[in-house]
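Written below as C-alpha cells is the structure these notes are about.
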Amino acid sequence: MENQVLTPHVYWAQRHRELYLRVELSDVQNPAISITENVLHFKAQGHGAKGDNVYEFHLEFLDLVKPEPVYKLTQRQVNITVQKKVSQWWERLTKQEKRPLFLAPDFDRWLDESDAEMELRAKEEERLNKLRLESQGSPETLISLKKGYLFMYNLVQFLGFSWIFVNMTVRFFILGKESFYDTFHTVADMMYFCQMLAAVESINAAIGVTKTPVIPSLSQLLGRNFILFIVFGTVEEMQSKAVVFFVFYIWSTVEIFRYPFYMLSCIDMDWKVLTWLRYTVWIPLYPMGCLAEAVSVIQSIPIFNETGRFSFTLPYPVKIKVRFSFFLQIYLILLFLGLYVNFRHLYKQRRRRFGQKKKKIH
C-alpha cells in the first residue's frame, strides 16, 4: 500500500534579503526541494503530524526570488533559506492573498519591518566596523583600547555625578529645605565639569565609537547645557532659587544608574538589577526633569526682561528690540519636543532589551 501524500506544517519569517521556512518533519533524508518559475516545490519522506508519510507542498512567492534554495536538515525539522532577488519587505509570503492552511508565522524568528531594518543596519554597521578595523590594525587591540577608553569615560562621569548626588542628599538631610537655595554655589563646579565632558558622548556617537543615535544624545547635551550655562550660569538671581536643586538632583539620579551600566557593558558584565534600573528610572525622572527645567526657564523670563541681558535691537530700518525671553519661549517648545525624542529613543531601547508581547499576525 502506497504511503498517503500529505502537507506538513510550514512556518515562515522574513528579512529584507531573505525568507526563512521551517518545515515540521522529523527523520527526513534527501528531500526534493527546488524553485521553478518562482514556485517552491517540496517533497520528502518523513515523520510529521500524520505519522510516517510522504509530505509535499508548493508555494508561489509574492515577488521574485533566486532559484537556489539552501536547506539544512535537523532531527526534528527542515530549515529552508530563500534569497530575494530585490532587497525589500514583503507584505505576505505568497502571491495568493489568502494564506494556505498549512502556513503560519514563525514567531521564533519573526520581526516587524522596523525591527528588521534595525537588525539590517546593525549588521551593516558591524560589517563596516570590521572592515575599518581590519584596515587600521589588529581588531583585538583596537577593541580593547576602545573598551578601555569608554570604561574610563563612564567611570569619571559616574564619580562626578555620584559626588553631586551624595553631596546634595547629605546636605538635604542636615539642612532640610535650606539646602535648596545654595545648591548652585555648592555643586555647580562639578556639574560644569560633568556637562562639558558629556560632549564626548555626542562626539562618540557622531564618529561611530558608540552606537548611540546622534540626535537624542545631542538634544540632551544642548538642552542641559542651555539650562546650566545660560539660565543658571549667567543669571545670578536664578542661582539661589530652589528649582536648581530639583534640576541638579534629577540629572544626577538618572546618571548614577546610566554610567555604571555602561561601565559594566564595557567589560561584558550584566547585573540584572542595574540593567532594570537603567532602563526604568528614566520613565518617571525624564518628565520630572523636563518639568523642572521648564520651571527654571519660566522663572528666568522676567529676570531677562528686566535686565535686558542678551536682548538686542535689529538694525535700521527695522529697529525692533528682540528680547531674549522670546528665545526662551521658543526653547520651552523645543524642550518638550526634546523630551519626546529622548522618550521615544529610550522606550525603543527598553523594548529591545526586555522584549515585547508577540502580536497575532494574519
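Just so you know, glycine gets a Cβ as well, placed from its N, Cα and C.
Curation does not apply to TrEMBL; its annotations are automatic.
Note that the structure is a prediction, hence the values are computed from the model and not measured.
Between the stretches 185-208, 281-304, TrEMBL puts its transmembrane segment entry on 281-304.
In the predicted model, the domain 'CS' (5-94) has a mean pLDDT of 92.
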